[in-house]
Amino acid sequence: MSWQQRVDDALTARRVTDTLRRRYVVSQGAGRWLVANGRQYLNFSSNDYLGLSQHPQIIRAWQQAATRFGVGSGGSGHISGYSVAHQALEEELAQWLGYPRALLFISGFAANQAVITALMKKNDRIVADRLSHASLLEAANLSPAQLRRFIHNDTQHLSRLLQSPCVGQQLVVTEGVYSMDGDSAPLAEIQHIARRHHAWLLVDDAHGIGVTGDEGRGTCWQRGVKPELLVVTFGKGFGVSGAAVLCSESVADYLLQFARHLVYSTSMPPAQAQALSASLAVIRSDEGGERREKLAALVQRFRAGVNASRFTLLNAHSAIQPLIVGDNSRALRLAEALRQQGCWATAIRPPTVPVGTARLRLTLTQAHEACDIDRLLEVLHGAGE
C-alpha cells in the first residue's frame, strides 16, 4: 500500500462512518455568542466556563505584560525563557492549591504526556480510568509501562487491577471532571485504594479547576483529596491556555531534569503567565464566587428543563452536559438543526467517545443568561428528530 493509499483509506473510513472531523472558521468563538459566516449563534460549545476570556482585567494584564516582556518568551525555561512572571505564577498556584511546587507547561496535553513519559519505566503499571483523556491514554500506551484500564468510576475493578502482582511501581490515573461525560470521579475512594496498594495518584482536573471547590480550587480540594500529581489547565475555567503540574519538591526537580516536553519546548509567553495570574486573582475573589454560583444555577436550570424521554442525560452536574443520541448521523443532524435555530452545539462521535454513544456535548458558561438556557431547551425539544 502506498503512502497516498494509506491516507485516502483512513479518510474514507471516517467519511463512511460519519466520524470525519472538521474545523469551523469563526470570528468569535468564546463567550456567550459565537460568530461564523456573518451569523451570530448562542454558543454552547465553549470551554470558557467562567467567561474570563473576555474579562477586561485579564486582557489588560496581558497587554501590559506584552509591552514589558514582548510577545514571546524567547526560549525554553532551561535557557532564557523562565521569567519573573512565570516564577510568580508558579508560586501563586502552589500556595493556592497547597503544594510545595508548581511547574508550568504550554498545554494540558503536554503536561500529561510529560509526567507519564518521565516517570514510568519498564515493569511499572499504569491503571487508568477507561474514559481518561486522550493525552493520558496515549502517553500510557507509548510508555514502557503496562497499561490497564478500569471500568469508568468502578473502584472495585480498580482495586482488582492493583492487586495483581507488579514488579515495579503503579500509577493510578483519573480525571476530576470527565471531558465528554461531565461527571466526576469518586476521588476519595480512588485515593484510598491507591494508597492501600502503595500506588501514586495522578488527577487531571482540567474541567474542575477554577469552577468548583472553595475559591475555585477544583475537584480534588472539594473532595478533600491531595494526589501526588495534580494537573490543572488554563484553557477552561481560567479562560486563557496552558497548564501546570502540582507536586512535591523532589518530583518537581525530577521533572525539570527528565520531562522532555518541558526541557525542549519554548515556554509560554511571560505575558500569558501574567494574564493567568490576573485570572487567578479573579477566580479567588468574591467576583469569582459569584460567577461560579451563576454557572451552577444555569446548569440546574438546564437539567430541570430537559425532556428525559427524548434524550439520555448523564449524571453530570458540571458545565459539561452531554445528550446521548447514539447514532453518529443523528448526532450530526441534531447539531445542524440547532445551528439552524441559532444555537451552536457540537456533535461528538467515535473515536472520541465509545461506539454507540455519539452525543451533543453542550457546555454552559457563566456568560449565558437564563433566557439563553430557555432558548436552548425550546430548540432542543422542537428539533425534528
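A Cβ is built for glycine as well, from the same backbone N, Cα and C atoms used for every other residue.
Other Cβ atoms within 10 Å of the Cβ of HIS133 (substrate binding site) number 22 in total over all chains. Annotation source Swiss-Prot lists substrate binding site at ARG21, HIS133, THR352.
Cβ-based neighbour count (10 Å, all protein chains) for SER179 (pyridoxal 5'-phosphate binding site) stands at 22. Residues or ranges marked as pyridoxal 5'-phosphate binding site in Swiss-Prot (evidence: sequence analysis): GLY108, PHE109, SER179, HIS207, THR233.
Residues annotated as N6-(pyridoxal phosphate)lysine in Swiss-Prot, with sequence analysis given as evidence: LYS236. The local packing around LYS236 (N6-(pyridoxal phosphate)lysine), expressed as other Cβ atoms within 10 Å of its Cβ over all shown chains, amounts to 29. Reduced to three states, the DSSP call for LYS236 (N6-(pyridoxal phosphate)lysine) is coil.
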Using a 10 Å cut-off on CB atoms, tell me which of the binding-site residues THR233, THR352 is the least crowded.
THR352
Using Cβ-Cβ distances, find the residues under 8 Å from HIS207 (pyridoxal 5'-phosphate binding site) that belong to the same chain and are at least 6 apart in sequence, listing them in sequence order.
ASN47, TYR49, GLU175, GLY176, VAL177, TYR178, SER179, GLY182, LYS236, GLY237, SER318, ALA319, ILE320
Residue, out of the binding-site residues ARG21, GLY108, PHE109, whose Cβ gathers the largest set of other Cβ atoms within 10 Å:
GLY108
Express the distance between the Cα positions of GLY108 (pyridoxal 5'-phosphate binding site) and THR352 (substrate binding site) as a whole number of Å.
17
Record lists GLY108, PHE109, SER179, HIS207, THR233 as binding pyridoxal 5'-phosphate; longest Cα-Cα distance in Å?
13
Reported as an integer number of Å, what is the Cα distance between THR352 (substrate binding site) and THR233 (pyridoxal 5'-phosphate binding site)?
20
PHE109 (pyridoxal 5'-phosphate binding site): secondary structure state under DSSP, collapsed to three categories:
helix
